[in-house]
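Novice: For Cys96, Cys99, Cys132, Cys135, the entry in TrEMBL reads Zn(2+) binding site.
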Amino acid sequence: MVAFMEDVVAYIKSFGLSGTLIRKQIISCLWGDGIALTQKEIEERLPGETDRVTLYRTLRLFTEKGVIHKIVIDEDTRKYKLAGSFRKSDHAHFHCIKCNKLLCMPQLNVDLNGLPAGFRYQSAKLVVEGICDFCSQKQM
Ligand SMILES: [Zn+2]
Ligand SMILES: [Zn+2]
């Protein structure tokens with residue numbers, strides 16, 4: 001999906017942020033259903049030379065403001081995706097092992113009834129791995 005600049009700017013502004021060049025460039029990279037990239041992948045896709053510190057700070061700001069979701073795949077891989085209509089990121093994500101898509105799955109609940117007595121829940125980072133609908137259809 002090609003990002004239209006006015007949509008990108010409107011999206012950034014809906015979080016109360018101004019659309020600076022780097023912000024617009026990052027959101028454009030992540031635009032599209034299921035697209036999730038690591039910081040390195042975003043860096044490679046940005047046009048021209050990008051200051052790594054600025055990129056890091058912008059991703060942190062976006063995560064704090066709920067513009068993007070930061071998803072921990074494993075200890076070496078953290079991916080960022082647009083939050084879209086899900087402003088909070090404390091839900092499960094589905095990771096397709098075939099096409100690498102990441103999708104927000106707030107409908108999947110972590111069963112907190114299994115916690116031992118006296119334990120209190122704070123947050124859960126659940127990544128469900130599997131094959132998405134598109135890739136399953138291709139296999140048939
Ligand atoms: Zn897939
Ligand atoms: Zn999400």
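Every residue, even glycine, has its Cβ placed from backbone N, Cα and C.
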Novice: When you average the Cβ positions of Cys96, Cys99, Cys132, Cys135 for the Zn(2+) site, which other residues in that chain have a Cβ within 8 Å of that mean position?
Specialist: Gly34, Ile97, Lys98, Asn100, Lys101, Ile131, Asp133, Phe134, Ser136
Novice: Using a 6 Å cut-off on Cβ distance, which of the binding-site residues Cys96, Cys99, Cys132, Cys135 come close to any atom of ligand 2?
Specialist: none
Novice: Within 10 angstroms of the C-beta of Cys96 (Zn(2+) binding site), what count of other C-beta atoms is obtained when all protein chains are considered?
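Specialist: The Cβ of Cys96 (Zn(2+) binding site) has 19 Cβ neighbours within 10 Å.
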Novice: List, in sequence order, the same-chain residues at least six positions removed whose CB sits under 8 Å from that of Cys135 (Zn(2+) binding site)?
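Specialist: Counting only residues 6 or more apart in sequence, the Cβ neighbours of Cys135 (Zn(2+) binding site) under 8 Å are Cys96, Lys98, Cys99.
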